[in-house]
């Protein structure tokens with residue numbers, strides 16, 4: 001019994017120490033990101049007008065390169081970085097995606113976005129298909145890997161997804177019009193969703209889950225329509241519920257975070273529809289009816305979401 005007890009305690013100590021090293025590295029990453037942002041905003045603002053996320057990515061890449069060439073050393077900082085390198089990608093997906101996607105949709109200015117919806121759909125629909133086709137042709141005939149068309153299309157869908165954060169930040173810094181920034185922001189959100197849907201459909205074909213034309217058509221409708229319909233339905237419920245919580249700052253702010261994670265999980269795991277499109281649809285619907293958030297709560301909520309998404313961006317780009 002003593003040996004078993006000692007072994008159990010030893011495994012618990014090892015697991016606790018590993019978690020501690022990860023927290024140590026993440027604490028360093030957050031503080032380093034804050035220092036980068038301070039230097040960028042105060043010292044290099046006019047001399048080196050680069051987006052904050054790019055600076056953090058370069059910093060994280062530099063730290064990773066230094067650590068990868070550090071041999072024969074073992075300390076808690078290096079162990080924490082090693083543990084993060086081996087982290088399950090699904091953990092990053094379920095922790096960070098709901099935050100960043102819902103924030104971009106929910107905190108958008110719907111009155112500016114509305115006139116751009118048709119243009120954004122054209123760019124995120126036919127535009128993405130054209131982009132995927134060009135990349136797939138290049139991957140099939142130029143790359144020396146002898147990929148099938150299905151794999152090449154999956155590869156093209158990965159490369160065709162865009163990140164709105166850096167582009168929109170540059171547009172705002174350069175004084176671009178609100179309509180142009182809104183168009184690119186909305187197109188990026190829909191682009192992420194449509195590219196992800198195409199990837200999922202062709203992945204199912206490759207692994208044998210969609211082996212007939214009928215199943216493929218059902219999957220297309222399920223991913224492209226099921227996600228937005230579910231998101232809008234949840235948005236209606238959320239607007240009604242938040243209307244009842246008048247001037248309850250903590251309740252209203254925390255509820256939006258809980259909703260983002262809940263809808264993302266249910267759409268992705270339980271319903272197997274596009275969680276990205278579901279969150280975008282719910283976020284845009286709530287942005288349209290933002291009066292459901294009490295007027296005294298709207299500014300604190302926007303600030304809270306901005307801080308949390310900055311925190312998430314720092315961690316993502318450092319870990320990357």
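Backbone N, Cα and C define each Cβ position, glycine as well.
The annotation domain 'Cation/H+ exchanger transmembrane' is assigned in TrEMBL to 43-319.
Annotated transmembrane segment per TrEMBL: 18-40 (among others), in sequence order.
Marked as transmembrane segment by TrEMBL: 52-71 (among others).
Long-range Cβ contacts of the transmembrane segment (91-108) within its own chain (Cβ-Cβ under 8 Å, at least 6 residues beyond either end) map to 164-165, 182, 185-186, 188-189, 192, 256-257, 259-261, 263-265, 275-276, 279-284, 286-287, 302, 305-306, 308-309, 312-313, 315-316, 319. Sequence annotations record features per position, and here TrEMBL assigns transmembrane segment to 91-108 (among others).
Annotation comment: TrEMBL describes 120-143 (among others) as transmembrane segment.
Annotation source TrEMBL lists transmembrane segment at 149-171 (among others).
What TrEMBL lists as transmembrane segment is 223-242 (among others).
In this chain, the transmembrane segment (18-40) touches the transmembrane segment (52-71); three or more CB pairs sit within less than 8 A of each other, excluding pairs fewer than 6 residues apart. Within the same chain, residues 48, 50, 52, 55-56, 59-60, 63, 76-77, 79-81, 83-84, 310-311, 314-315, 317-319 sit at least 6 positions outside the transmembrane segment (18-40) and bring their C-beta atoms closer than 8 Å to a C-beta of that stretch.
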